[in-house]
Amino acid sequence: QVDAVRVYVNSSSENLRYPVLFVVRQQKGVLSWQVPLIFRGLYQRTYNYQEVSRTLCPSEPTPETGPSDQTIFVDVASMAPFNIAYELLVTRLKNFQLETNKAFNFIASPSQPQYFLYKFPQDVDSVIIKVVSDVVYPCSVVSVQDIVCPVYDLDHNVEFNGVYQSMTKQAAITVQRKDFPGEQFFIVFVIKPEDYACGGSVPSSIHGNVNRTWNLQRTKNLQVTIVPSINKSVYVQAMFFSFLSFLSFYLGSVVVAFVHYIRVRRKASAGRLSPEDGSGIMTSSHPITASTPEGSSYGAIDESSSSGGRQLSSPERGLPAGSDTDSSVEEESDFDTMPEIESDKNVIRTKVFLYLSDLSRKDRRIVSKKYKIYFWNIITIAVFYALPVIQLVITYQTVVNVTGNQDICYYNFLCAHPLGVLSAFNNILSNVGHMLLGFLFLLIVLRRDVLHRRAMEMKDVYTLDYGIPKHFGLFYAMGIALMMEGVLSACYHVCPNYSNFQFDTSFMYMIAGLCMLKLYQTRHPDINASAYSAYASFAVVICLAVLGVVFGKNDTWFWVIFSIIHVLASLALSTQIYYMGRFKIDGPDSDLGIFRRVAMVLYTDCIQQCSRPMYMDRMVLLIVGNLVNWSFAIFGLVYRPRDFASYLLGIFICNLLLYLAFYIIMKLRSSEKLLPIPLFCIVATAVVWAAALYFFFQTLSSWEETPAESREKNRPCILLGFFDDHDVWHFLSAAALFFSFLVLLTLDDDLDAVRRDKIPVF
């Protein structure tokens with residue numbers, strides 16, 4: 001048992017020119033202070049205390065000498081030319097050494113700090129120090145220091161040694177045996193003279209010109225409990241759980257692919273292939289003949305669509321792959337194709353009833369290369385984005401480990417399990433799902449791409465003029481974005497704070513944007529946005545997110561500007577969607593002519609169209625979409641939410657869900673079907689997203705507040721004793737995004753045997 005001595009002094013003197021000096025000399029150290037004891041705060045404010053209590057550095061008996069008496073000298077001096085009364089009291093501490101799993105209550109103040117000793121039990125390698133208080137203020141600091149004298153236990157020096165946190169009502173520090181060769185440490189509790197470090201304000205009693213305060217009552221009741229942390233076996237179990245959970249998705253995908261392969265082989269051997277296999281790939285096992293009725297096999301078309309049993313759209317006949325053909329007409333040489341009319345976008349896209357053949361007229365190879373730019377660009381962006389991010393978070397973690405300042409990073413300290421140099425390995429490990437499922441999605445897309453290319457090499461008619469055009473560039477980009485979301489989210493959770501929040505959300509914006517682009521591209525393959533303009537738009541969004549976090553808390557002007565930009569962008573995008581990118585304001589060269597043209601467009605295309613719109617379905621979607629976006633803009637302007645990044649992400653997600661719901665409704669309205677696989681993915685997406693959002697809103701920390709205030713939200717682990725609510729959000733959101741991607745990938749598999757001039761555009 002280690003003994004410790006505490007010295008209490010009190011002086012009635014308020015003379016700051018002649019303080020009373022106390023010097024305590026021990027065998028291995030010297031401790032000194034003055035009374036009145038002065039603490040300095042903001043703006044040259046001083047806080048003076050006439051009562052001071054300090055714990056002397058303890059002496060521990062050694063096995064060689066055993067217990068022995070020690071002599072302590074206390075020197076009292078003052079340069080005052082007059083007598084000063086003081087009081088000196090030396091007491092022995094009864095509960096200086098803390099015990100495992102046993103709560104201990106005590107009181108501390110700025111001039112009367114406390115510290116205690118803890119020794120690791122033989123079978124414990126890591127412990128969590130939990131400190132709680134019933135009151136928020138006064139602000140306090142909890143520090144863990146090695147057994148070195150003197151102990152730094154005052155406000156101005158507590159940060160000089162060891163690991164420390166600021167605290168209001170709750171604090172938690174994980175300590176590992178390997179970090180303390182002596183297998184013991186001090187736990188120091190310091191009360192700060194002011195509360196600004198914990199989010200509080202300067203005490204009202206010193207507002208004004210008075211910068212000196214005497215004996216401000218700032219005592220705090222604290223309770224400390226030291227509990228064993230998890231052992232190495234829990235780390236192994238958590239890793240196995242993380243990887244096996246998502247590798248099961250690989251197994252499920254293999255099973256689905258194998259079952260589909262068996263079904264196709266059986267139907268091929270029976271001479272019939274159903275166009276509703278859900279693979280999204282049409283293959284022909286025999287020549288296409290006029291005698292095979294439509295829909296009975298993958299490679300058959302109706303007699304009404306053929307002439308003399310000849311094959312259609314064969315590259316050997318000189319037609320470019322992806323050209324718009326119609327077999328009901330006579331031979332190509334018998335009519336004038338009028339290319340100037342066929343290429344006029346204004347004539348085609350302003351038809352009242354559009355079909356997919358109207359918007360898939362460009363050469364398939366050119367369009368496919370255009371969409372592959374999405375894939376290569378996002379790889380370039382990912383490399384240039386991720387490398388500085390990794391370097392920065394490594395620097396952050398190094399600073400935390402070297403300085404011991406745990407206020408730099410906003411962890412859930414009640415469930416932060418270190419590994420190596422990482423302070424919260426569990427928050428990083430839980431992001432493995434994004435990377436594994438993103439890679440799996442890439443493999444699924446690659447399989448479809450390979451099968452599609454094989455079908456093209458077999459000159460399958462269905463790959464040319466039937467079904468949704470197969471362009472996989474956006475799907476590849478979505479898979480890379482999902483993997484990068486995992487990488488950057490893991491980087492963010494190395495040290496989550498105000499300075500690197502955008503690492504966690506940047507690719508979420510891109511994922512939402514790419515999903516919307518893919519959904520639009522499905523039935524508008526010729527008029528979708530280019531990769532350059534899309535990624536430039538994402539860059540603008542990320543810039544707005546940064547500006548929103550910096551200026552969005554208190555600056556009304558930012559919310560006014562953002563709301564105006566939001567509304568105008570919604571209107572501009574709605575106009576482009578409604579007119580299929582053919583809306584132009586062109587007129588005479590004079591300025592008056594331009595204004596006259598604007599007035600004419602507003603009257604004919606807005607006033608008249610609203611009463612009897614030419615494109616009713618698009619008008620309904622855009623009206624609902626604009627109402628939703630305007631509601632977001634008004635909500636932001638009125639309430640000014642503090643978490644601007646989540647607010648902006650909510651705008652993207654709501655628009656994506658709205659568009660997806662519209663797409664599915666219009667699909668069913670057009671008498672199209674949902675095959676079993678996309679139907680399962682839709683249900684799974686809804687269920688998993690609902691569960692994921694529940695855990696997302698369980699706030700465990702917040703870098704929008706001070707570190708001490710953020711720690712009030714900390715909660716214990718809920719899964720395997722290793723993962724917290726936010727880790728479960730990582731697991732579920734990865735699965736939800738994966739199922740969402742599968743919905744977009746398989747949603748229109750039922751159309752693979754339908755001619756494009758029969759597929760409506762909406």
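Just so it is clear, glycine is given a Cβ too, placed from its N, Cα and C backbone atoms.
According to TrEMBL, the transmembrane segment annotation covers 238-262, 374-394, 428-446, 474-495, 501-520, 532-551, 557-579, 619-638, 644-665, 677-697, 728-747. Here TrEMBL flags 272-336 as region 'Disordered'. Annotation source TrEMBL lists compositional bias 'Polar residues' at 281-295. If you look up TrEMBL, you'll see 304-314 marked as compositional bias 'Low complexity'. TrEMBL lists 327-336 with the feature compositional bias 'Acidic residues'.
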Leading contact stretch, 474-495, 532-551, 557-579, 619-638, 728-747 vs the transmembrane segment (238-262) - CB distance under 8 Å: 728-747
Tertiary contacts of the transmembrane segment (532-551) (same chain, 6+ residues out, Cβ under 8 Å): 373-374, 377-378, 381, 498, 501-502, 505-506, 509-510, 513-514, 517, 558, 562, 565, 644-645, 647-648, 652
Cβ contacts the transmembrane segment (428-446)/the transmembrane segment (728-747), at least three under 8 Å, sequence gap 6 or more: yes
Residues from the same chain, set at least six apart from the ends of the transmembrane segment (374-394), whose C-beta lies under 8 A from its own: 473-474, 476-477, 480-481, 484, 487-488, 491-492, 494-495, 500, 503, 506, 510, 514, 531-532, 534-535
CB contact flag for the transmembrane segment (474-495) and the transmembrane segment (677-697), at least three pairs under 8 A: no
